[in-house]
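*Asks:* Got a structure for you, questions after.
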Amino acid sequence: MTELRQRVAHEPDGRPEAEDKESEVETKTDGETASDSESRAEPAPVPTSDDTPEVFNRALSNLSSRWKNWWVRGILTLAMIAFFFIIIYLGPMVLMMIVMCVQIKCFHEIITIGYNVYHSYDLPWFRTLSWYFLLCVNYFFYGETVTDYFFTLVQREEPLRILSKYHRFISFALYLTGFCMFVLSLVKKHYRLQFYMFGWTHVTLLIVVTQSHLIIHNLFEGMIWFIVPISCVICNDIMAYMFGFFFGRTPLIKLSPKKTWEGFIGGFFATVVFGLLLSYLMSGYRCFICPVEFNNDTNSFTVDCEPSDLFRLQEYNIPLVIQSIIGWKTVRMYPFQIHSIALSTFASLIGPFGGFFASGFKRAFKIKDFANTIPGHGGIMDRFDCQYLMATFVNVYIASFIRGPNPSKLIQQFLTLRPDQQLHIFSTLKAHLIDKGMLTASTEDQEAT
């Protein structure tokens, strides 16, 4: 009895030592071993290597690493800008294909990080299900886009009409199949880790696929809504780097030690000026300002329209404070330029937080870049971390302050109705216009009333 009391005194909860250890393992794991938990808390760093091309290493061998990096980044930035101009010249269809390719590459880079960190656990079907869910989400979003913007073409082709009618049900069935496959793939010793990766995949889909879909929607509103926001982010990235490189002294945020307040502020002012100038140049060309629409007669995209008031020069009075400085009382500018100030401000003040978010993510997994796709710049995701945040803002901005009812889409939907439905809408609309005084009632209409 005395021995038993001594044991209880050493074990306050009165449980045997073996039970304590067993309970500790159960509490710690719930389907995950202790080694899993420890490794998850400190994920193994993904190895990185020097991705600078050998030709640059030889040509810049006499420079310090700081200036070497400056030249490498500068040369490849000019190359990427030139590529950007080329795809703009090739038209909206090529732009949409490039957005799709960028989306897939960004998804691949993020999923690969998860696989590299946790591949030692041999999680069943992780990569297969990740790509399957990417396929399902793209089928849903692009199906919605095709139905919305190619409505007449879809109604004209019987197979497309059936797919459009049951599109959401098919999308849900595809996702449900993947969901069931995930449940069937659960392994007892890796429950928690598998659910972590399930969440990883879905958050990646939310960040990458959803926002790339919004980029395409912005493109359909007019190429200017695609080019100006992207260009503002690029300008801010370049100018913040330049100001920070030459004048940077004060650190901005711990997540990105190389970012400085001087670069942040300098990039802001440079981006606002750049946005005003670029908007002025593009607002005069219909190929940039007209919505991208599908021509059913030629089966091709068209960008021809009558410019809206947003893209017509107007005269604005200059505030008295500024008049005393520049000596002008009025200025002629496009209304879109005023909107460009909002876009460039977001790109320079809020957009960088997308980069800070990505920096925090990379620090969590002890990696320098998402990939080594672009020497000196990292992966594609390293270049588009701010673009996705910008795309969401532009889409919300258009929906809130710009977009109105689209007559062409209403007419397309009207023509697909049954004849009796069309007559009912016609009669209702005619009566409404007569009440408004926009139409005069005929003798037959007066007799009917």
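Numbering starts at 1 and runs along the chain as displayed.
Positions of Cβ are set from backbone N, Cα and C atoms, glycine also.
From TrEMBL, for reference:
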{"type": "COMPBIAS", "residues": "1-41", "note": "compositional bias 'Basic and acidic residues'"}
{"type": "REGION", "residues": "1-53", "note": "region 'Disordered'"}
{"type": "TRANSMEM", "residues": "70-90", "note": "transmembrane segment"}
{"type": "TRANSMEM", "residues": "96-118", "note": "transmembrane segment"}
{"type": "TRANSMEM", "residues": "125-142", "note": "transmembrane segment"}
{"type": "TRANSMEM", "residues": "169-187", "note": "transmembrane segment"}
{"type": "TRANSMEM", "residues": "194-216", "note": "transmembrane segment"}
{"type": "TRANSMEM", "residues": "222-248", "note": "transmembrane segment"}
{"type": "TRANSMEM", "residues": "260-282", "note": "transmembrane segment"}
{"type": "TRANSMEM", "residues": "338-358", "note": "transmembrane segment"}
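Neighbours and distances for these, please.
*Replies:* A Cβ distance under 8 Å defines the sequence-distant neighbours of the transmembrane segment (96-118), meaning residues of its chain 6+ beyond its ends; these are 40, 43-44, 46, 87, 126-127, 130-131, 134, 138, 193, 197, 200-201, 204-205, 207-209, 212, 215-216, 219, 365, 367, 370-371, 373, 379-381, 384.
Here the transmembrane segment (194-216) has long-range neighbours at 40, 96, 99-100, 102-103, 106-107, 110-111, 114, 118, 123, 126, 129-130, 133-134, 137-138, 141-142, 145, 182, 185-187, 226, 387-389, 391-392, 394-395, meaning same-chain residues at least 6 beyond its ends whose C-beta is under 8 angstroms from one of its own.
Here the transmembrane segment (222-248) has long-range neighbours at 70, 73, 77, 81, 84, 88, 92, 95, 215, 258-268, 270-271, 274-275, 278-279, 282-283, 287-292, 303, 336, 340, 343-344, 347-348, 351-352, 386-387, 390-391, 393-394, 398, meaning same-chain residues at least 6 beyond its ends whose C-beta is under 8 angstroms from one of its own.
Packing against the transmembrane segment (260-282) from elsewhere in the chain are residues 224, 227-228, 231-232, 235-237, 239-245, 247-252, 288-289, 333-334, 336-337, 339-341, 343-345, 347-349, 352: each is 6 or more residues past its ends and has a CB under 8 Å from a CB in it.
Under 8 Å from some Cβ of the transmembrane segment (338-358) lie the Cβ atoms of residues 228-229, 232-233, 235-236, 240, 253, 255-256, 259, 264, 267-268, 271-272, 274-276, 278-279, 310, 370, 381-382, 385-390, 393-394, 397, 401-402, all in the same chain and six or more residues away from its ends.
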*Asks:* Taking residues 6+ outside the transmembrane segment (169-187), which of them lie with a CB under 8 Å of any CB in it?
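*Replies:* Result: 123-125, 129, 132-133, 135-137, 139-140, 143, 163, 194, 198.
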